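S.K.: One structure is given below, represented as structure tokens, and several questions about it will come after.
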Amino acid sequence: MAISIKTPEDIEKMRVAGRLAAEVLEMIEPYVKPGVSTGELDRICNDYIVNEQHAVSACLGYHGYPKSVCISINEVVCHGIPDDAKLLKDGDIVNIDVTVIKDGFHGDTSKMFIVGKPTIMGERLCRITQESLYLALRMVKPGINLREIGAAIQKFVEAEGFSVVREYCGHGIGRGFHEEPQVLHYDSRETNVVLKPGMTFTIEPMVNAGKKEIRTMKDGWTVKTKDRSLSAQYEHTIVVTDNGCEILTLRKDDTIPAIISHDE
């Protein structure tokens, strides 16, 4: 399937969907504290998406996924299923991954929350993971190959003593939740996509404190690090512009501009 180039009208709708997804993460922040269940956080997010934003969660029912957001704690790499029995505790690192649909278009984003008092490793892993995403975002412009971006993420992460998960990647996005291209966060000879203005996709590195290997739990969704080391992830949805990119899911706590341009 070809990579779709979005029209200005499409991009405007994606700005709206992206802003809504970012707002869910901004809204949930004060609720992420020791003693709260991931099931409760999911309900708060779902109520906000449905009743305040008048939007739809793309995750709910996607391939049978039972909840509205993914909440992944500590050694859980991704796709953690919210559960009333799963309570957050001091020092946990928690990824909340939100995808909303508004007016037919998707906005997909995730960030790490540190519960209560951070551990040194947890804080460092989260910081390096976010820095790897920012490094990638600053590289995006027409004419660059996605392979260069994946290689740069891998080099940066491994220089810090961490590893990049291979099995999951960023993806094209728009009317579809997962479109072409695949956006790998490591160097691969199979990647050969030259960026053009109007392409929309996510960059979402998953970084493990230990080794890169993962395993999927019996529920068929929850993915953990094989060595039980901590794992972190940050994700933004972006559009390639004529001279860089625009981040469609920027939050108030982000420390990178929404529009990155490479004009001389």
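Placed from the backbone N, Cα and C atoms, the Cβ positions cover glycine too.
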S.K.: Taking Swiss-Prot at its word that D108, H171, E235 bind divalent metal cation 2, choose the one of E131, E148, E204 listed for that site.
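M.R.: So the divalent metal cation 2 site in Swiss-Prot includes D108, H171, E235 plus, from the candidates E131, E148, E204, E204.
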S.K.: Where Swiss-Prot shows H79, H178 binding substrate, which of T99, T191 is named for the same site?
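M.R.: For substrate, Swiss-Prot names H79, H178; of T99, T191, the listed one is T99.
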S.K.: Check Swiss-Prot: it lists D108, E235 as binding divalent metal cation 1. Then name which of D92, D97, D219 it lists for that same site.
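M.R.: The record-listed residue among the candidates is D97.
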S.K.: In angstrom units, rounded to an integer, how far apart are the Cα atoms of E204 (divalent metal cation 2 binding site) and D97 (divalent metal cation 1 binding site)?
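M.R.: With distance taken Cα to Cα, D97 (divalent metal cation 1 binding site) is 10 Å from E204 (divalent metal cation 2 binding site).
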S.K.: In whole Å, how far is T99 (substrate binding site) from D108 (divalent metal cation 1 binding site) when you measure between their Cα atoms?
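M.R.: The Cα atom of D108 (divalent metal cation 1 binding site) is 4 Å away from the Cα atom of T99 (substrate binding site).
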S.K.: By a 10 A CB contact count over all chains shown, which of the binding-site residues listed here is most packed: H79, H178?
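M.R.: The most densely surrounded of these binding-site residues is H79.
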